[in-house]
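> Can you keep this structure in mind? I'll have questions shortly.
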Amino acid sequence: MATTLDLKSKEEKDAELDKRIEALRRKNEALIRRYQEIEEDRKKAELEGVAVTAPRKSRSMEKENMAVEEKSLGPSRRTPGTPRPPGASRGGRTHPQQGGRAGVGRASQGWEDGAGEQLRGGPGGRGRRGRGRGSPHLLGAGDNSTSDRKSKEWEERRRQNIEKMNEEMEKIAEYERNQREGVLEPNPVRNFLDDPRRRGGPLEESERDRREGSRRHGRNWGGSDFERVRSGLEQERQGRRAGLGSGGDMTMSMTGRERSEYLRWKQEREKIDQERLQRHRKPTGQWRREWDAEKTDGMFKDGPAPTHELSHRYDDQAWARPPKPPTFGEFLSQHKAEVSSRRRRKNSRPQAKVAPRAYSDHDNRWETREEAVSSAPESSQSISLEETPTQASETPAPAHRPPEEDGEEDVGEEEEGEEEGEDEEDEEWEDVSEDVTEEEEEEEEEFEEDEEGPKDQEAATVPDHQPEAEPAGKPTCEQVDPVPAGSQELLSPVPVEPPIPFSPSEDHQPVSDWGEEMELNSPGTAHLPGTHSSGEAWPFANA
């Protein structure tokens, strides 16, 4: 029983393989027929002078042919005597088995038979290629008739498509020849590549009609004709420029209420502009500022330019502050000239003359006490007067200021607050310092006249050494305050240490640390009632 079943199974398997081989043969016939039709169409197109590109599926068809041959070769390699595995019933695999020549012969025979049928014009098997890939059932007579009918319909449709394509290719070739030769066709609408909008020169009636019947909507930006967009934009710009100068044109598109509001706003702006221009002029009609003299009245007839408003916006705020603009403008120009002259004088003046005003009152105090004090040793005074002029210039002037100068500074600040409208914080500080220095110069002259009397008394009390030291001592008194005070303190009868660390006496040796030396000697020193030691802030002990 087992052997009979095996034999039946082998016979059934052989029958299935035969069916598959037949289906593959039919598929190959259809592919060969299709390939031959494509070649015929290509030859025909070449004869007509139209270049046709190669079909894209040629490579895929070759792959299909190779796959068909492999499938046809695979199942036929086994011999009738060898058993077939159950999983290989689909027939898509190739097994390395014996006897491959018979299968090759059958496949080649099928290919040749298909080619022979095609050359003889046999029935088309194009509809069977979908079922030929491993279909297990047999193809009946009904299937053959339906497939033949479908293939004929497909052939008819394909022939019509080829004819249409040939006509279009002929039209394209003729159009290209005419374009090269410069000949216009009588009916350019038929050419699907023709676009009269891209052409230049005079337009014919047909092209003009076509352009008028454009696909663009009339409300689109630029209208139906896109070439008029650039010229339309230029005309619009010119009209806008012309409308800027005249205000009546702007009101044409306004309603009554908008027009009245616009006219009221326009009058207010013109009034403000005129007031601003009047603030910039003197009562005589001249410009207050020199750089405005270049302006002409014609610049403001249509209204001032926006750049003019921007350049004077900050000035308008500054001019509105003072109560009397005309007098302030005149004073401001004079004040600026004075400030520049003061700066020149300050730069040319020596730096040492700025400080002496701070200690002028204290010098009077020390000079009045000098009259009751006897003279000190001449050698110590001469040493101190020779060494101090160079050292006193190095000492910085303290930041203290007498109450009189504070009052003067306040007065100067009030004047500057009225004078400076734009740059109050910057120029006030510089101008106050310059005013104070000028007033200090005047007060210095007064104090020099007042100090001439005490100086004469000094010369009378100390006739021995004062004439020698006066040429050096007098300028130091005008320049630096601590120097004459220190020199006068040396005139006390009680021997005291030098008031300034840099002017030692005869018997004193210089030391490295003067602070320590002063602390050691301060308890044993004797001072007059009202005098101060050198370590204290003696210039401010006037209270």
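Placed from the backbone N, Cα and C atoms, the Cβ positions cover glycine too.
Just lifted these from Swiss-Prot, have a look:
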type	residues	note
REGION	38-543	region 'Disordered'
COMPBIAS	38-47	compositional bias 'Basic and acidic residues'
COMPBIAS	59-72	compositional bias 'Basic and acidic residues'
MOD_RES	Thr94	phosphothreonine
MOD_RES	Arg106	omega-N-methylarginine
MOD_RES	Arg120	omega-N-methylarginine
MOD_RES	Arg126	omega-N-methylarginine
MOD_RES	Arg128	omega-N-methylarginine
MOD_RES	Arg129	asymmetric dimethylarginine
MOD_RES	Arg133	asymmetric dimethylarginine
MOD_RES	Ser135	phosphoserine
COMPBIAS	146-183	compositional bias 'Basic and acidic residues'
COILED	147-183	coiled coil
COMPBIAS	192-212	compositional bias 'Basic and acidic residues'
COMPBIAS	225-239	compositional bias 'Basic and acidic residues'
MOD_RES	Ser246	phosphoserine
MOD_RES	Ser253	phosphoserine
COMPBIAS	256-277	compositional bias 'Basic and acidic residues'
COMPBIAS	287-300	compositional bias 'Basic and acidic residues'
COMPBIAS	309-318	compositional bias 'Basic and acidic residues'
COMPBIAS	359-372	compositional bias 'Basic and acidic residues'
MOD_RES	Ser374	phosphoserine
COMPBIAS	376-394	compositional bias 'Polar residues'
COMPBIAS	405-453	compositional bias 'Acidic residues'
COILED	422-452	coiled coil
MOD_RES	Ser533	phosphoserine
> Counting every protein chain present, what is the number of Cβ atoms, excluding its own, within 10 Å of the Cβ of Ser253 (phosphoserine)?
8
> Check Ser253 (phosphoserine) against DSSP and tell me helix, strand or coil, would you?
helix
> Grab the pLDDT values for the coiled coil (147-183) and give me their mean, rounded.
87
